[in-house]
Each structure stands twice: as structure tokens, then as C-alpha cells.
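For 1-26, the entry in TrEMBL reads signal peptide. The annotation transmembrane segment is assigned in TrEMBL to 89-112, 133-152, 172-190, 216-241, 247-265, 277-295, 331-353, 373-395, 415-437, 478-496, 530-550, 641-661 (among others).
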Amino acid sequence: LECAKAMKMQRTLLFLALLALPCALAEITCGQGGIVCPAADQIGKTPDGSCVNGMSSWTNLFGYKTYNNLPYDGMCSFFGGVPALAEGLGWFIIVGLGGIFSLAVSACIYFGEKSVPQRHQEEVKTSEHFNSAGRIIPSGLCACDIVSKWTWAATLLQSSNVAYAYGVSGPFWYAAGATIQVLLFSILAIEIKRKCPSIHTVLEVVLARWGTPAHLVFLFFCILTNFIVTAMLILGGAAVVNAVTGVNIYAASMLIPISVVFYTMQGGLMACFVSSWGHVTVIYLALLIFLWKVYAGPSELGSTDKVWENLMSAALKYPVPGNYDGTFLTMWSRSGIFFGIINIVGNFGTVFVDQSYWQGAIAARPSATYKGYLLGGIAWFAIPFSMATTLGLAGRAFDLPITMNESGSGLVPPAVAVHLLGPGGAFLVTFQLFMAVTATGSSEQVAVASLCVYDVYKRYFNPNVTGKQIILLSRVGIAIWGVISGVLSIVLLNIPGINLGWVYQAMGNFIGSAVCPIVFALVWKDCTAVGAIGGALGGLIGALIAWVVVAAEYGGGQVTVQTLAHENAFLSANIIALFLSPLISVILSLPSPQNYNWADLTKITEGYLIEEDRHAHVDTQMLEEDSPEAMDKALYWTTRTGAVMTFVLLVAWPLLALPQYNFTKSYFGWWGAVAFILGH
């Protein structure tokens, strides 16, 4: 017995040792192991920082040249010259390919409706089907939709920006910090099917539980969330299209959201699900091409070993403040951890307060909700992690003349794509981005239209609205939001200092306080209306005060767009928004708890149906896996699965990487292999 215990202990220690290997610290030794030494006058020098009359004294560390064999030396920025693509090709991507894709989706919707059995033909013409997709979406398509609408412009651009700025910690914290929200939302997706399968929007739950004042407060937060998400899509997409093709940035801002209006107006929520497959296909194919080109294909890099050598060299030229030994190859990154916290907090808001995620859960079959959200979250993790570990790090490994302003605008991926593949790379990354932006854009349009129709028009203007009127008004709402979102993005473009990175890190300040009260609406029976409203508004006020105070402290008493962008200001405001809110809600609710009866929620929300929907009732599910009993069991396992995966991503994985202070060549080879495998 003692011998068995000793052997078990040895196996355990060996397993832990293998996880942490190799633990020897990698040393930056100039001139050895392929590491290139920068000239003394080049250390810390940036292309734009030494630019005079259009010429810079900056030089490429490795002597690399452009795709057409011109030197990078002397350039003031990467995209300061002629765009990589002709302007006409940019218009073709936005208008031509956008139009072709719209026609293809419209055709799929048309023939899909024609293929429905005759006895169910009338169902596909109802407002319930238009805004809830019949509540019959299977798990695979649900997962595809999650990947599609969670892949923002920021997923492809901002993830590479933080990789370019902080090194390997950036892609990990972006991916992990935005995956756990989808995994945890799967719990709420099941609760929808258990307690209120008849709803159209999350605000109908708020209205049923807490009445009109709470309904109006959370309507403000939901619309604000949709605006922030849409703005980030357009800011990132328009900046890339403008930089790569020369298309006017204001024209791109207007045309990108409008390009998906037509098929979304035709098919409603079902159009989002149908189009998601095409969006995800293009996004993954482009990702695979970049992965192979950087880590396995013909290029100046072509292997993880070469990437490691060049990143070690780049750290000598551009040591990263707050990173261990200034290296890009470490998880010991102060700014990386700060960004991770900001990312986690902010993305709770853009999932839990975004109507598009609630409508995805509403549209799915009961058994498909948790499967779709868990599978979608896992599949999505690979996109920012693999994309940024590839293109973001390659931007440093090539030592391209990318300025921090270009990086903040999300231009690292197109710059690397142009370097690797020339005009072909520019076209590929632009088309990939266009598909990502339009995927989320169509979901946001349906989300805003649903909120306006069900929670504004029906609630406050016409309680007796008909199904045909709902469809008409939804289509009008989709078109109007497509135009408004473009106009609002143009306004943001004209505010100096505001770009994709700024909005991304600020979003949690505005909407993070609404997360916990909305969750309480479905999981805590004692939360009162006063507690929910107080938590949401109190958290918002506290976050804004903290943001301004910290910005003023680090800005010498000045509060500007630039001082508000300080990482400590973003961090403090995000944390207060998320954690002050539930504290206030609990304090205000406990003296007089609501003790809500969940059966009342089911009964009240069934009254919100405008037209009969046989899939919108708890007790009429036809399959055993969709039964209330099956949902109870699914809730048990989903809660534990979500908790375990959250622990793995936020605690276990980072802790196992910390012993490797500065990644060795073999350890980075393993890290790159993980990104390579996940991307496939």
C-alpha cells in the first residue's frame, strides 16, 4: 500500500513537472541563436517618431523588404503610401461581393420557406417566425451563429493589436477573456427555455418581473450596447477598407451596415442563421491560410523557431514596459493582465446585455441552447487566439513600420497580410473582415428592431399590434438602424483620439453595471425592482466617476480623450461597473425580498405572444431531449461545465504558463502548435 502511494505521488509530480516544462529561463543573448542585435540609435525608435518631411531614420531590424521588393527603411508608417489594392476593388468587395452574398442568402431563405411542409406553410409567414426563427434552430447552426456574431472587427483586429503591443499574453487574454461569457450564457439560455420560452426579448423578462420603470432603464442599456457593438464593427471595418483600398472612410462607414440590410429585411432572424455558415467559412479559411503561411509556409518566417528568434530580437529594439525582461514571449505582462481584466468585464456587458445573444437562445430548440452556446464558445476561442498569435506576433517578428496609431485602429492584420501575400493578402483580410463585420451587423439590426417593436411600439404605443404590423415595423426598424449606425460611426470618426481600441476598452464602463441585474432577473427570485434599477444606475455612476477621477490623476488634472484612455482609468471603471452593481442590488433587495414565483413568469410571458407558436410553450415539446425534465438535467451539467471551463481558461492555463517567465524556443513551439491545432 505504501509503495502504491509513493508511485501515485511520483506520477503526480511527474505530470505537474511535464506541464511546467521547459522551465529554464530563455536569455536574450545578442548575436547568438539567430538573435539579431539592433543598432544603438534604433532602440525604441518608431517610424512616425523620427519622421521629417515624409522620411524617417527608422530601419527594419532584419532588412526585410515589401512584397514588391522595396525597402521598408525610411518609411514613416506602413499605410502612409499607396494602398495595396485599387480603390475599385474595395468598392467591389463592399458593393459587389456584398450584393452577391445578399442574393445568395435571400435565395436560401426563399427556397427554405418553399421546402416547408404544406401544413406548416403559414407558420413561416408569422411575426413569431420572423423575429424568433420558429424557435427550432438546431445546435450546430446555433453554434455557427454564435461564432459568426461574436467575431467582431475587434476579434480580428484588436486581438492582433494587443499581441503587437504586449506579446503572447495579448492573444490569450483576448480569447479567454471573451470566451467565458458565452460559456456562462449557456446557463441563461437554458433558463429561458425552462422559465419563459415565449419571450421575444430580454426586456420582456424585466417587464414581467419588475414593471415599467425597470423596463425603461434596461431598454436604455440594451440600446446603448447595440450602439457600442455596431460602432466597433464599423470603426474597425471602415478603417481597414480605407487603409487597404483607399475607399473613402465615410462612404465605407455607411455602406458596410447597409450591405446586409436587404437580406435581413427579407428573412429576419432566420437570415442571420442562414448567413452565419457562409460568414464562418470565409473567416476560418482565411485564418488557415495565414497560419500556414507564417508558421509552416514559404515566408521569411515559416516556423515557430524563426518567429521566436525574431521576437527575441524585436524585444531588444522595442522592450515592452511591464513585461518580464521586456520580452514579447511571456505571460508575466502587467499591461496584458490589465487588458485581460478590462476585456473580461467589458465583454460580460456585450453578451449579457446584448439582445442578439438572447434572441439566439430564444430561437434555438431547448436541447440546442446549451449545446450550441458551449460548442460555439469553444470554437470561437480559436479565432482571436490563433489569428493574433499569427498576425499580431508576425507584425513584430517582421519588424514592419506599423505606428501605434495604425495598430490602435486595427491595421496590424492587413499590414502583415500585405507583407506576406501582397495584394492577394490585402484582398483576403479585407474580405474576411467584411464577412465578420456584416455577420454581427445583421444580428444587431434584428436585435434593435425587436427591441423597438416589442419593447417600445407594442408596449407603449399599440398593445394590440398585429403580426403583419410587427413584420412591417421590424423591416423598417432594420433599415433605419442600418442608416443610423453608419451616421453615428461617422460622428465617432470625427472625434480625435477615438478609434477601435478606445471604444473596445471603454465599453465595460458604460454597460458593465447592467450585467448582474439582468442575470438576477432569471436566477435570483429575491431581487427587487429597486435593487435592479439601483444596481444598474449606481454601478454606471460609480464607474464614470472612477473613470474621470483616475484619468485626471494620471493626466495632470486634465480629462481628455487621451487621458481617459489610460489603462488604469479603463481598469478601475470597468471593475467598479461590474462589481459595484451586484453589491447595490443585494443591499437594496435583502430588506424586502421579492420572493418571485417563477411560474408567474411563464404565465405572464406566454401572454406576450402575438401569434400562436407551437414551440413557445414549456409543456408542449415533442422530443424527450426537449422536455422540462431534460432541461433540468441539462442545467445541472451546463452549470458545472461552464464553471470548469472558466476555471481552466482564467486560472489553470495562465498559472501553468507562469513558471516559463521568458518562453524558450521549445516552449514557444508548443504554444504555436496549440494555436495551429485550434485554428484547424
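Using the three backbone atoms N, Cα and C, a Cβ is placed for every residue, glycine included.
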>> How about the transmembrane segment (133-152) with the transmembrane segment (277-295) - do they touch, taking at least 3 C-beta pairs under 8 Å (6 or more apart in sequence) as contact?
In response: yes
> So which of 89-112, 172-190, 247-265, 373-395, 415-437 has the most C-beta pairs under 8 Å when paired with the transmembrane segment (478-496)?
Replying inline: 247-265
>> When you look at the transmembrane segment (530-550) alongside the transmembrane segment (216-241), do they share 3+ Cβ pairs under 8 Å, ignoring any pair fewer than 6 residues apart in sequence?
In response: yes
>> Pairs 6 or more apart in sequence, C-beta under 8 angstroms, 3 or more of them: is that satisfied by the transmembrane segment (247-265) and the transmembrane segment (530-550)?
In response: no
> Excluding the flanking five residues on each side, which residues at least 6 beyond the ends of the transmembrane segment (530-550) place their CB within less than 8 Å of a CB in that stretch?
Replying inline: 206, 210, 213-214, 217-218, 221, 508-510, 512-514, 516-517, 520-521, 559, 564, 566, 568-570, 572-574, 576-578, 580-589
> What stretch, picked from 89-112, 172-190, 331-353, 373-395, has the most CB pairs under 8 A with the transmembrane segment (641-661)?
Replying inline: 172-190
>> Can you work out which residues elsewhere in the same chain, 6+ from the ends of the transmembrane segment (373-395), have a Cβ less than 8 Å from its Cβ atoms?
In response: 139-140, 142-147, 150-151, 155-156, 159-164, 167-168, 170-172, 174-176, 178-180, 182-183, 185-186, 189, 283-284, 287, 290-291, 294-295, 301, 307, 311, 328, 361, 402, 407, 412-413, 415-417, 420, 638, 641-642, 645, 649, 671-672, 675-676, 678-679
